[in-house]
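Student: Mind having a look at this structure? Questions to follow.
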There are 4 protein chains.
Amino acid sequence: QAFKVHKGMGLINHVFNADSLKKLYVSNLGIGHTRYSTSGISELQNCQPFVVETLHGKIAVAHNGELTNAVRLRRKLMRHGVGLSTSSDSELITQLLAFTPPLENDDTADWVARIKNLMNETPTSYSLLIMHKDIIYAVRDPYGNRPLCIGRLIPVGDMNGKGKDNSETEGWVVSSESCSFLSIGAEYYREVLPGEIVKISRYDVQTLDVVPRPEGDPSAFCIFEYVYFARPDSIFEGQMVYSVRRRCGQQLAIEAPVEADLVSTVPESATPAALGYAQKCGLPYVEVLCKNRYVGRTFIQPNMRLRQLGVAKKFGVLSDNFKGKRVVIIDDSIVRGNTISPIIKLLRESGAKEVHIRVASPPIRFPCYMGINIPTKEELIANRPEFHDLANYIGADSVVYLSVEGLVSSVQESIKARKENENSLKTQKSRVGKIGHCTACLTGEYPVELEW
Amino acid sequence: QAFKVHKGMGLINHVFNADSLKKLYVSNLGIGHTRYSTSGISELQNCQPFVVETLHGKIAVAHNGELTNAVRLRRKLMRHGVGLSTSSDSELITQLLAFTPPLENDDTADWVARIKNLMNETPTSYSLLIMHKDIIYAVRDPYGNRPLCIGRLIPVGDMNGKGKDNSETEGWVVSSESCSFLSIGAEYYREVLPGEIVKISRYDVQTLDVVPRPEGDPSAFCIFEYVYFARPDSIFEGQMVYSVRRRCGQQLAIEAPVEADLVSTVPESATPAALGYAQKCGLPYVEVLCKNRYVGRTFIQPNMRLRQLGVAKKFGVLSDNFKGKRVVIIDDSIVRGNTISPIIKLLRESGAKEVHIRVASPPIRFPCYMGINIPTKEELIANRPEFHDLANYIGADSVVYLSVEGLVSSVQESIKARKENENSLKTQKSRVGKIGHCTACLTGEYPVELEW
Amino acid sequence: QAFKVHKGMGLINHVFNADSLKKLYVSNLGIGHTRYSTSGISELQNCQPFVVETLHGKIAVAHNGELTNAVRLRRKLMRHGVGLSTSSDSELITQLLAFTPPLENDDTADWVARIKNLMNETPTSYSLLIMHKDIIYAVRDPYGNRPLCIGRLIPVGDMNGKGKDNSETEGWVVSSESCSFLSIGAEYYREVLPGEIVKISRYDVQTLDVVPRPEGDPSAFCIFEYVYFARPDSIFEGQMVYSVRRRCGQQLAIEAPVEADLVSTVPESATPAALGYAQKCGLPYVEVLCKNRYVGRTFIQPNMRLRQLGVAKKFGVLSDNFKGKRVVIIDDSIVRGNTISPIIKLLRESGAKEVHIRVASPPIRFPCYMGINIPTKEELIANRPEFHDLANYIGADSVVYLSVEGLVSSVQESIKARKENENSLKTQKSRVGKIGHCTACLTGEYPVELEW
Amino acid sequence: QAFKVHKGMGLINHVFNADSLKKLYVSNLGIGHTRYSTSGISELQNCQPFVVETLHGKIAVAHNGELTNAVRLRRKLMRHGVGLSTSSDSELITQLLAFTPPLENDDTADWVARIKNLMNETPTSYSLLIMHKDIIYAVRDPYGNRPLCIGRLIPVGDMNGKGKDNSETEGWVVSSESCSFLSIGAEYYREVLPGEIVKISRYDVQTLDVVPRPEGDPSAFCIFEYVYFARPDSIFEGQMVYSVRRRCGQQLAIEAPVEADLVSTVPESATPAALGYAQKCGLPYVEVLCKNRYVGRTFIQPNMRLRQLGVAKKFGVLSDNFKGKRVVIIDDSIVRGNTISPIIKLLRESGAKEVHIRVASPPIRFPCYMGINIPTKEELIANRPEFHDLANYIGADSVVYLSVEGLVSSVQESIKARKENENSLKTQKSRVGKIGHCTACLTGEYPVELEW
């Protein structure tokens, strides 16, 4: 039962090249992990999955999230005599799984008991894959803060036209985002529920337990996945991210309409919101910028103008499309405020008569302690004096954000509709509990108390 | 007057990194070249610019295009005793410039005479930059087959709000495509005319001569630049490529309308045509696919389904947007026919009721001998038996191409309008001559006779 | 007290390049580790030093050696609930230092007690550097199996001719081999004694304790360091390795003389033994081969002859020096027997009349469990049937090995002389105990009982 | 007849790796070139072989040497209208071969005539390989300044003990140095004579012509190949380089004996001279330094002492071998004088009582214009004021160089002996002419007049 481990820093296709994949290929079971790492802590040593040998064999652990009580857990482990090799929360999880007492008489390891023990030690946030022998355990924290979903590898229909045959299953895959399934020939099966421990074997997916939240606590899936991080074709809580973003655009049109000639966006994450806004307003959707695909780190900076352009350098201007017109630009979020400003300048210099900004999310004001890398409070535009006269600061004719209530209702609208429907059918209600979302970065209301 | 030369294979930002740029920086004059090279002839030796020492100093030559009489010119040079190091047309041009007789009494090199001599030896296709001492000569062949345009580096206005001051010029830049100017703080100045020899010095742009075409021959700018190659924000012959593409979509709507629920496109080159088509038809423009940004060479191919998906693997499916609907997909060109087929299949499997294909250009049927890399005649879908039942072959409900006439009129519409306007003002008419476009790959009619 | 850690695989000068050194430079304290790693276990994760955080701060540990009771220690740690990340003995040492009970009331970490505790848990083999805050502990196991010595960084005399001033010390360095000191401007200070725990601070070297061996056990420094591994200018136990090797050559001349015309060697590790042998025999020392410096992995293998030549390909032949002569080749050891055979063939084909082999060490017959990478028992030439007719097998006219007694006496001769001298002076005797050497690979007699 | 070309910068084993060799392997004919390139002109473009297409097919040219009339030849070619791509003499040779008139009626290329034409244009220095279709021409300039020799690939005897069969030939190889033959299973066949044009085909080596020197001029093989450049096992003019170097050491012992206890050398090029010196003087040969194999570019330079040690850092000191003794160090040449000085210092500090330097070659005083990279006149120690008190400058007790006459006689001794022998047999005398050597760097007497 020796695990084969391959890790590396850099692009996935460089790390997992033909050579390294050949070494891993004889297996029919595996877990992987990728993350964007800021330089300071990007050591190979911190790369997941973490593999350790325990008295009951090797386990490998992949973790998405950040523990809200990590400091206390570190001290607890070190007090027990465990030397910790990294600053990673994921090592804590791995050692907690190895360490769980009572050990002396624990001759047949009860991994479910160990996982539940871990879940009692820390409330959030973690989505986990734990591999042991020929089993993978998929675990989501009781608040469901980080996503996790299951896909089904489906067999190929024979080539003579009978088409695919969905009745069989060739295997199971687990991922943070469902959008990854299509490219490997799998289809979306279902989400792992908040608090659920799922056991996955070669042909079977089985719920072992669902650890509940404290009485009255709603679930707390990260609302920023909808707004910004997830790919538009991903499905969370039964709805496509693209549809949520279009609804945000529609809601924004209701909250903040504007007299204008056309609606556009900065390519390309806010396109669904822009199309939603345009449709709701009855204005034409028009492209005003095209991406400069070949821009990279450029060393040529001969004059101040170039430095002024900055971000705008990344785009080409389709000036014929908006010369002399009033333009509404839909953006998905304004974090620091230094991206949109030169774009507005560029549009004006290329002939736009007016430039109005509508942001399809509320302003970010608070740090995230549950795994999302957000700038410091001081860097966030919404916490700075300029925010009080933002339109002037960024050079727009007007700027309006979507309200928190507008965002939450755009996200929860179809979930609630479906839930009411389900309620009448009495399905699964008890398992999921009260539906909520983590809006901590917008409101400062964290789903659990933070420990230091 | 030693030129500093730096060449390399790979991405521009790797070849021209901080180190190599530092070495080149003391200059205020330079030329560069980049091209996509198929592996066979991608030796560093073939990399441009070509630099040779002549009796009258070093010249450096950058060339875009392909000579239609290269074979005869090679033999002529070798007969004179010149050993040729590469298979490149550009070396021929360079040696022809070095070699032009009479040399013995040519004590003061007359480079304009040498350039005109070269232009008499070969009619097309070439756009050239020739650097000698502190002068750059920009040359376009008499047919104007390849693009070439001039930009002006403009000074920055001071920072206290006076804005930019366009009355001065900080320098000149020359490029195949005007879209490159914005990112370096330059603005579009004008095209080099077909047959024109332009002398560019530090502060001055000066026409030295315009070499005419044979009596009656129209110009022959490559129409495929409009259809496919150029970036949408580039300007050729006074018009933005994006506008031409939108007109092609509108023309296509007139030529080949269809009963449907929505218009979409495969991201992302055909978006302007799709928006033009949608607007003309009065149908909504909707996104059906999103790009899978992280796809690379993938080594994981566990089953036949994956191989079947092929191209579609590159996309995510926004199925909620088109489930149960009739979809029109606008494509910019169908070259081999193996790209669109799996996309249609993917849309149907994800719920599309009908899938109609409209192509915003005519079918390619003939090879290009003027510098564009086109598949062999046998590979082109329009030359294959399947073409006669193309809709069935690719799995579409219908498929219609834009007509050659429709394309030409979409391209020439505004040029003609402007020209009539200019004619009434009697400007420049004699210099440009009769306007035409090279449609050789669509019609087999080459602008000059091909020599072998 | 954050340690800066930099590790890598490959050549030291690639891993510790200008960039990585710049990051480490602000420190005035550090430890490092390098080892040749066979591919199987060459993961970066196994790279030393191991750094872990404990309740009393971070420690970094570098280890040379291999624990004879590693299996038992692994199980002990895992039973306590520690998940082990590597298969490395050095991780065991690190976790044992972190774990040592009693921990709950251990508010001021007593690192010497922890180190002694570790030494009680495992008898050999380890030479250790342990860094904690601003202290480095240098530790050698009670048997002194692996080497460890201390050097003194000496200040530079001023440039006007006063020469160096040895009275001051600029700092301390610790190394396995003293030969490394010269190249950094340090001088040999002394060995760490078997069982000694030395505390090294900025200006001070201090013995904290000397942990004794079990009553009656002699020390067991690895005799193969003298024979093969160490650089000739290194000093162990008060003598230069070069001198030991020359004595081995002299002893070999006594044990196995031969009628011949000249003595030579295969460049270049056996040169001291060859010079010793030649001098003792009164025969001239002559070069017969020169190194082919540029040989690397060669892909050109057109014929069987080349494969036959094999190793010989690495040398040039100085045939004029030995044509028609009887040659004695001194080798330092014959491990597998496949290196010397083609050399003998090459010498014969180039004109040698006779070729006699004399090996300046006894045959290796047993595996090493104390850190030296020796081929498996089956691969060792001395355990194979061919050994009984070795001269014939390798194509020599005769072949004789040095006896174990001859080797041991060559090694211990000057140690004993010095010790008798010291005994009369009553210095340090009690601390070092009975002098012995580990000859396990030659005799099968291991210094401690091996645990599985 | 397309040549396959592969070039690169860096180590041979990196450039010619498994991939690139696979592409070249189907051939049974080829030429290659390697050179150490100073950074300034190390562009890939200057990498040989040069390949050009001529009216009579492609030729590939590899060149060792430097033309003494390059400037005039460049101008001649450019006047004819050839643009030159590089600053390399080798391109001149290639274009001269392509260009040789009369060309118009030259329908069947006469390559021998072209080669002789080239040899008439330039006297020295060049050893050439010219490949055309299935023939390789090997050419050495009339003065024989650069070496060139031919080897024979010999077949393998069958494996059942019959041994090698020298009666057949499997192919031919040509090289600057014969030492390269052994490692590919070839044996030395003969030198290419000064002025000789040799035609090499699959099974045949044939002299086409021998171009004579001007009446009375002796040959001028570079004497520095014997002293410094060549590998000791190479054969030039019928003698092994090692033997010449040992004779130089013996001659030096006659010219400059010294009262001392031992003779040694700086590893390792001067070992043959040191053994010759020791033998002639009756002093023991002893090692005093060992090479520090792992030294590379080191970034650690904490103090002045290290900078003072400099070169010495590359060695380990075997101090036990020379403590209290008078040492003679034999060096092969002192070029700048900054290498030996710290070594002398190191030996003294490690206990040497006296250090005498004997140099087995005369001082270098003049630049080389025939292909050898020698420091500028100002950098050469022999042209500097310090030379008049060199022993004091480098810190030696005495220093003596070999005389020019002593070097020449050591080199020519056995050539003359053999020649007298041959003369009595009347062989080949007329072809080689008067034997001489180029001692320009030692005496300033160049074999031909230098043109500028």
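Cβ coordinates come from backbone N, Cα and C, glycine included.
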Student: Where TrEMBL shows B:Asp331, B:Asp332 binding Mg(2+), which of B:Ser264, B:Ser269, B:Ser398 is named for the same site?
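Tutor: TrEMBL lists B:Asp331, B:Asp332 binding Mg(2+), and from B:Ser264, B:Ser269, B:Ser398 it also lists B:Ser269.
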Student: Would you identify which residue of B:Cys222, B:Cys248, B:Cys281 TrEMBL lists as part of the [4Fe-4S] cluster site it also attributes to B:Cys368, B:Cys438, B:Cys441?
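Tutor: The one candidate that TrEMBL places in that [4Fe-4S] cluster site: B:Cys222.
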Student: I'd like to know which of these binding-site residues, B:Cys222, B:Cys368, B:Cys438, is least surrounded, judged by other CB atoms within 10 A.
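Tutor: Lowest Cβ count within 10 Å among the binding-site residues (B:Cys222, B:Cys368, B:Cys438) is B:Cys368.
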Student: So among B:Cys368, B:Cys438, B:Cys441, all listed as binding-site residues, which is physically nearest to B:Asp332 (Mg(2+) binding site)? Use the C-alpha atoms.
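Tutor: Considering only the listed binding-site residues, the nearest one is B:Cys441.
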Student: Determine which residues of the same chain, besides B:Cys222, B:Cys368, B:Cys438, B:Cys441, have their CB within 8 A of the center of the CB atoms at the recorded [4Fe-4S] cluster site, and list them by sequence.
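Tutor: Surrounding the site, in chain order, are B:Asn145, B:Ile223, B:Phe224, B:Met370, B:Ile372, B:Thr439, B:Ala440.
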Student: Filter the binding-site residues B:Ser269, B:Cys368, B:Cys438 down to the ones with a Cβ under 8 Å from chain C's Cβ atoms, keeping sequence order.
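Tutor: From B:Ser269, B:Cys368, B:Cys438, none lies near chain C.
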Student: Other than B:Ser269, B:Asp331, B:Asp332 themselves, what residues in this chain have Cβ atoms within 8 Å of the centroid of the Mg(2+) site's Cβ atoms?
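Tutor: Leaving out the recorded residues gives B:Tyr228, B:Thr265, B:Val266, B:Ala270, B:Ala273, B:Ile330, B:Ser333, B:Val359, B:Ala360.
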Student: Across all chains shown, how many C-beta atoms besides its own are within 10 angstroms of the C-beta of B:Cys441 ([4Fe-4S] cluster binding site)?
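Tutor: Result for B:Cys441 ([4Fe-4S] cluster binding site): 23 neighbouring Cβ atoms inside 10 Å.
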Student: In angstrom units, rounded to an integer, how far apart are the Cα atoms of B:Cys438 ([4Fe-4S] cluster binding site) and B:Ser269 (Mg(2+) binding site)?
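Tutor: Here the two Cα atoms lie 22 Å apart.
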Student: When the pLDDT values for the domain 'Glutamine amidotransferase type-2' (B:1-203) are averaged, what is the result?
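Tutor: Computed over the domain 'Glutamine amidotransferase type-2' (B:1-203), the mean pLDDT is 84 on the 0 to 100 scale.
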Student: Cα-Cα, whole number of Å: B:Cys222 ([4Fe-4S] cluster binding site) versus B:Ser269 (Mg(2+) binding site)?
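Tutor: That comes out at 18 Å between the alpha carbons.
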Student: What Cα-Cα separation, expressed in whole Å, is found between B:Cys368 ([4Fe-4S] cluster binding site) and B:Asp331 (Mg(2+) binding site)?
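Tutor: Pair distance, Cα basis, whole Å: 21 Å.
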